[in-house]
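Okay, so here's the structure we're looking at.
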Amino acid sequence: MGTTAVVERPATRGSAPARRRRIAGLGILVALLVIAAVLSLAVGARALTPAEVWHGLFAGPESDRRLTEIRLIVETVRVPRTVLGIVAGIALGVGGALIQGFTRNPIADTGLLGVNTGASFAVVSVIAVFGFSDPFQYVWFAFLGAAVAGVVVFGLASIGRGAGNPLTLALAGQGITVFLMAMTTAVALSNQASLNALRFWNAGSLAGVGFDVIWPVTAFIGAGLVLALATLPSLNLLNLGDDVARGLGVNIALSRTVGITAITLLAGAATAACGPIAFLGLMVAHVARYLTGPDYRWLVPYAGLLGAVVLLLCDIVGRLVVRPGELDAGVLVALLGAPFFAVLVWRGKFRSA
Amino acid sequence: MNVTEVKPSLPPGVRLGRVSFVWRPWLLSVTLLLAAAAFLVFCVSIAVGDFPIGLPQVIATIFGRGEQVDRFIIMDLRMPRALAGLVVGVALGVSGAITQSIARNPLASPDVLGITSGASAVAVFLVTVSGGTAAAIVNSVGLSAAALAGGLGTGLLVYFLAWRRGVDGFRLILIGISVSAVMEALTTWLLVTADIRDVARAQAWLVGSLEDRSWSEVWTALWCGLVLLLVVSCVAFQFRPMHFGDEVAAGLGVRYTRVRAVLLLCAVLLAGVAVSAAGPVPFVALVAPQVAMRLARCPTPPMVASGLVGALLLIGSDLVARTALPVSLPVGVVTAAIGGPFLVYLLVRANLR
């Protein structure tokens, strides 16, 4: 291979203390996720105490007007938002870790692959053509657009010798992004409804999506996760190089196909539901690798949990910083992720082939 | 990732007193042909419109011998737009040639390096935030100058962030992509929070357009462009040996760090001038140098020819954008439609080598 730029740490698989430490780490991440979820339920334009959140979640119908109002806020606004944050965060985190594994490319990120703009373009186009107004109607087209763009960029970047070069994928993604962005703008400029839908959808937000969208999206993400877990053992072997993996009995083509399907399902569904959220997968995959080492069977679950925690926290911070307005989670993730990426570049974590 | 090979045969040198240069008949004839073609497209662009004027009259009027009516339509109505196209095209072409030569990567262009997105972010900020200070800035220095400052600021930021015992092309591109992502996130956020009428205005500006240029805007761009091109042509001689690597250049007496910094600054300013005059027209800076390089059969992008191809491309695209389709589109949509496939071609080619 010779083009892998991930700095591999020696695998410490098998030693019992390391194993115990990793399980403890998973426990800590789950605890963090629970804390983030509770915060996400409590924080907002109307701050709630934990007792009120508890009440809103579990108490029966009330005659008290104040408590009914709390129930309403928790049920219709905070719960969907939190569930979507967890689901999309896990999807983007796992997607990011997988894509870095399958491309052996530390710069790979589902958001940099043109998946976002593919979805934007599809959304804007169907609104302009069919006049859709309900997210439930256009979410499917967003999914389709994301999948097509992702496959095209991925395909372009994996042709021939440049496949392992980190730059190729980043540039292919950037190029397709600029292209689709201009096309999107062209459509949006000629159609007021598209323009309005685009600017809200485009920021990457967890707000305003109901369970009618969240459940189907979760189903896709669930399917993606199952496929992802199935590829993990062969992914470890693939990272030893194609020849070694083949020698050890891995069906490379099958494993790659399954992997790309999983990535597309995860990133496409998450993007369809929340809009474009770039850098999240990239960021958490690196942190996960730092915490667990290169074993993907540990790395991927860590990345998924971290993704959910970071996305929820960004969403919460976004509700607080520009009150009474809100800063969308996608914008905050980018503001956090881009400097992170720059630091990785600066420290020489990526090298050209 | 240089795309063409260096020809082994050495062309003859010419020495006139202290000035010496290499005699390349092919490059010279290609450049002259491109200049003629650019002038022709420039004239056609002026000739075509709601009130068509014959090419001979256009040329006569440009050289000051036209009739009164033609002179009014040409000089007052159509010339600013065509001239803006010329200036922006040349600026983007030369800027792209410089950045591609410095990064030694055919895919490095001001778009990728974040310069255009920085300029856009500043412009969108001023368009959408209709507060006292913003309005005062727009009134006093103009949107164009503010965008220019934004582009310059972002360019400097990328340069300093990429600086680590010298600037390496690979790091420059990756930092550029990440800074560009931050700027895009900020732009998106501004668009979300803004009034819908401002958004349409900002969005139209964001895709790159030559509509409604006034003479005053064109003059500013023209003078800035000319001064910058003069600086580039003075320094460009020192730049040639740098293709052989920093050590060889140093051995030949080139202060490569300084030359590179000056040229990069000029490239950033040229891109800034272009953005401030026409908005972030995508892909011209990427495509023009590559086309020029292939036409001129040079190992690196030739500056003059790149500028001419840029002008040809931009004025031609503008012509197509306003005449070929039933609705008049911004020029950026057409350049993106050309540039997207071209980028794909570049990537695939570079990978298959």
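First residue shown is number 1, and so on along the chain.
Any Cβ shown, glycine's included, is placed from N, Cα and C.
Curation does not apply to TrEMBL; its annotations are automatic.
Here is what TrEMBL says about this protein:
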type	residues	note
TRANSMEM	A:23-45	transmembrane segment
TRANSMEM	A:82-99	transmembrane segment
TRANSMEM	A:111-132	transmembrane segment
TRANSMEM	A:138-157	transmembrane segment
TRANSMEM	A:169-193	transmembrane segment
TRANSMEM	A:213-238	transmembrane segment
TRANSMEM	A:258-287	transmembrane segment
TRANSMEM	A:299-322	transmembrane segment
TRANSMEM	A:329-346	transmembrane segment
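Highest Cβ pair count under 8 Å relative to the transmembrane segment (A:213-238), across stretches A:23-45, A:82-99, A:138-157, A:299-322, A:329-346: A:82-99. In this chain, the transmembrane segment (A:23-45) does not touch the transmembrane segment (A:258-287); fewer than three CB pairs sit within less than 8 A of each other, excluding pairs fewer than 6 residues apart. Remote same-chain residues near the transmembrane segment (A:82-99) are listed as 33, 37, 40-41, 105, 108-111, 113, 206, 209, 211, 214, 217-218, 221, 224-225, 228, 231, 235, 259, 262-263, 266-267, 269-270, 273-274, 277, 280-285, 288, 296, 299-301, 303-312, 315, 329 (criterion: CB distance under 8 Å, separation of at least six residues from the stretch ends). If you look at the transmembrane segment (A:138-157), the same-chain residues 6 or more away from its ends with a CB under 8 A from one of its CBs are 103, 110, 113-123, 125-127, 132, 163, 168-169, 172-173, 176, 180, 197, 201, 213, 216-217, 220, 260, 263-264, 267-269, 271-273. Remote same-chain residues near the transmembrane segment (A:169-193) are listed as 103, 105, 107-108, 112-114, 116-118, 120-121, 124-125, 127-128, 131, 133, 149, 152-154, 156-157 (criterion: CB distance under 8 Å, separation of at least six residues from the stretch ends).
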